[in-house]
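Residues annotated as transmembrane segment in TrEMBL: 25-47, 59-78, 98-120, 140-158, 204-225, 237-258, 270-289. Marked as domain 'G-protein coupled receptors family 1 profile' by TrEMBL: 41-287.
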Amino acid sequence: MAQDNFSRVTEFILVGLFDTQELQLLFFTFFLLAYAMVLLGNLLIIVTIRTDPKLSSPMYFLLCNLSFIDICYISVTTPRLLVAQLSGHKAISFENCIAQLFFLHFVGSSEMFLLTVMAFDRYTAICRPLHYTAIMARGACWALVAACWLGGFIHSIVQTVLVLQLPFCGPSTIHSYFCDVPPVIRLACADTALTEWLMASNSGLISLVCFLVLVASYALILAKVRAHLCQGHWKALSTCASHVMAVTLLFMPCIFTYLRPAGTSPSNRYVCVIYTILSPLMNPLIYTLRSSEMKESMWRLWKR
């Protein structure tokens, strides 16, 4: 009955990243260029892989899916950020805020699972090459990708339910440029201690466990390469090194953000830029510039 007396919040105010007009214009240009590069770069990767029969290995199949996820991931937050900086309209309805929160965790956790699958693919290719074709058959790859999306959906549903069961009666200012679980639940008109710990044990542990699995797979690959030093293995190690750079940009800020109760410290909206904008921006650069096969295929596509 007490919650019935609350005037439910119908919209939130996203404060954005910067308060001064000069910085807003500067970073509007940067974010617009980053968004365009992510869209064009990942679309180029998808088209190249889909049109070149030579890029039919499981690694490129997974890379094609990663490019699609990156397009979806950056599109959840960046367009609204650009519109807000250009128009000055920072309000977002409660329903749109929840939708943004849902899709952010849906696509973001799916990407984490997919990066873990890609690490398993590299481990299998290097450490168990004789069984690689059987283990990473096309049907198995489709099943693994479907499991990544399903896992991301289940995770996102849990996070969204944690937020929806809270009452919001004001204040309505979110100290970030997008709706996420930590800054939103700080605005709840109720004791959120249990919700904060559930959020940390869900998002935080998923980020940490996936990252530890990645680290373990790279450690095994490194041990294998050191035991068998040859050109093929060094090429595989170079691929894994670029993979480490990509996953570090995504996982470390997520672990820092989610593996703690939301009320223990204020949110750092600048850290969020790393895993919402910089990570999708770096993925096409890392995965294409480090692969001679991808560069050759892109050059053939350009000539056609």
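Just so it is clear, glycine is given a Cβ too, placed from its N, Cα and C backbone atoms.
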Which bits of the chain, at least 6 residues beyond where the transmembrane segment (204-225) starts or stops, bring a Cβ under 8 A of a Cβ in it?
-> 109, 112-113, 115-116, 119-120, 122-123, 126-127, 155, 233-234, 236-237, 240, 243-244, 247, 251-252, 254-255, 258-260
Which stretch from 98-120, 237-258, 270-289 shares the most C-beta pairs under 8 Å with the transmembrane segment (140-158)?
-> 98-120
For the transmembrane segment (59-78), which recorded stretch in the set 25-47, 98-120, 237-258, 270-289 gives the largest number of Cβ pairs separated by under 8 Å?
-> 98-120
